[in-house]
Each structure stands twice: as structure tokens, then as C-alpha cells.
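Q: Here's the feature list from Swiss-Prot:
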REGION    1-44  region 'Disordered'
REGION    26-40  region 'RNA-binding'
MOD_RES   29  phosphoserine
COMPBIAS  30-41  compositional bias 'Basic and acidic residues'
ZN_FING   72-90  zinc finger
REGION    100-104  region 'Oligomerization'
REGION    121-140  region 'Disordered'
REGION    202-237  region 'Interaction with the nucleoprotein'
REGION    268-288  region 'Disordered'
């Protein structure tokens, strides 16, 4: 359509419009040069450029990335899924309007809640728990080794029917263990998480953001926001995946750092050496 319109116009007009376009591009590039010049001057004047990211004001309440969703394909096709083996996400909020309409149209009897096994809402008061919420006498001293043994134990459990206070404590365990990884390991943690859960690359951004924000969480505020804003099923999926992958990855990416720290371990305390986060990988520490 455009080509035939071009052909019908006089050559001069066509030429003029192209020239005009070129002129426009040149104008942009010259303004870019000016910008670069100004940037160089300001940089050389101060020699220090503070990253703008530190000037962002904290937004309250905290916004949490959406939980990674792996929606059941049967549900997406508009059929109710009644397989007891299906481990996919069966939440209706995850469906598009069209998929939801299909589902409603096909549904003839029975209660949706019953068939979709919708989990009970969690106790939101546990977002910022106190020590009293975890009724317990004085327990063992918490060392890194204790954390690893605890994570190994819970990685083997089915936590779908677990009580809320324990689930909340498991979220804290994940947060604490995330912070034992070096920052450079977080993208590997994210990739391994996606692979284990069979999630697409479109979920990489929210998963990575959760790990990054747990890693830099001050005072547990992001952890509390996660508990309040994610549903129980999403929390269970995330925690289960993390506990299973965290123990397989070395907690420090740099072999140089690890070998350097190894030289500092006192000879008499070799049995205790594994309480140092940098001495070896999670998996090494986990084996008796």
C-alpha cells in the first residue's frame, strides 16, 4: 500500500521527504554527541559518579514480585483437572478471562473448591512473628551445620499440610540460607530453581528478584511482605524448591576465596570447620 503511494508521488517530493528523514537522524546523533560531551565534563569535574539507584526512596508497603506460576495445562484448556498426580498450579486467578469462561462453560456440577483442592488461607499475623509464636524450650545452638542438617531434613518432607508457624519458620530458613550464598551465586540459584521446577524463562525475572531481595533483606521486611502477599501454595512450592537446590550448590563461587579461608581454619577445630560458610560447599558440609 505504502509502496504504491510512494510510486504515485513526484520524485522531488519523495527525495525531499527522505532528505528530511536523514536530517532528522543527523540532528539526533549530534544531540547525542553534545550529551556525551557534557557527561565527560561533569564526570571529570567530580571524578565520582554516584549510582542513581541509591537515591530511590523506599516505597511502603513493600511490593513483592508475583510468585512463579506453573499453571496446569488441563485447566488452561478449560477442563477441570482431577488427577491426584498433577503437581501443577490449579489457581483460577492464574487463568485468563477466556480460559476461565471456557472452564465455567464446561463445568456442570460439583463444587470448584472440592475439585481444585484450594488451600486454606494462612495466618497473616505470622508475617512479623515473635518468639512466642514458635512455642519451644531452649533448643540447640544454631550453627551453619545445624542449618544445613535442618534443611536436609525438611527437603525430604512433604510440607503441604504443615502448620503455619512451621511454614513461616521455613521461609526464614530459606532467607538465612540465601544470605549464605555470595551475591554472584544468585543467578545460578535462580537458573537451578527454574530448571528444577520446569518453569519457563519468563519466570526468571520474578524468581531472581525474590532471591536478590531476600539476600539484601534488612530486618526481614521483605520476608514478611512475601508471607503476607504470596498464597500458601506458592510459598510451599518456592520453599520446597529452594531446600532441594540450595544443598547442591557451593555457597561461594570463588575457589580462591574458599582456598584462602581454608588456611585460616584452626587445626584443633577440624570437626568444627564446617561451621565456616566459606570453607566448603553446602553438599560437603551436609555429609557426615
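Along the chain as shown, residues are numbered 1 onward.
Backbone N, Cα and C atoms are what each Cβ position is placed from, and that goes for glycine too.
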Q: Please list, for the region 'Interaction with the nucleoprotein' (202-237), how many residues fall into helix, strand and coil according to DSSP.
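A: Secondary-structure breakdown of the region 'Interaction with the nucleoprotein' (202-237): 29 helix, 0 strand, 7 coil.
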Q: What are the DSSP helix, strand and coil residue counts for the region 'Oligomerization' (100-104)?
A: 5 helix, 0 strand, 0 coil
Q: When secondary structure is assigned with DSSP, how many helix, strand and coil residues does the region 'Disordered' (121-140) contain?
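A: Summed by class, the stretch gives 7 helix, 0 strand, 13 coil.
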